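Swiss-Prot annotations:
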type	residues	note
DOMAIN	2-79	domain 'RRM'
REGION	73-101	region 'Disordered'
COMPBIAS	73-83	compositional bias 'Basic and acidic residues'
COMPBIAS	84-101	compositional bias 'Gly residues'
Amino acid sequence: MSIYVGNLSYDVSEADLTAVFAEYGSVKRVQLPTDRETGRMRGFGFVELEADAEETAAIEALDGAEWMGRDLKVNKAKPRENRSGGGSFGGGRKSYGGSRY
């Protein structure tokens, strides 16, 4: 399982997030996505702890807590959805009949 951490300060680092979550257990991984074009932090991240019980304790303690001047949103991360499905933009044209000419 992974934890979603939202409403993060744009100044936060992986080390900052690791330090906060280390109070609840052994941090396996921290991920802070950045904007592809600007390289700037996107204001959210993901943290993975060693055990589910540690993650549950961290979620309960930190959801709504103020940190770096912001109220954190902390919950179980949802599995990433496949972006290729759904509405295609012009890619699925239907052909009715034969040649245009």
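Heads up, the Cβ atoms here are built off N, Cα and C, so glycines get one too.
It should be emphasised that the depicted structure is a prediction, and the values quoted were computed from it without experimental measurement.
Mean pLDDT for the domain 'RRM' (2-79) in the predicted structure: 96.
DSSP assignment over the domain 'RRM' (2-79) gives 19 helix, 25 strand, 34 coil.
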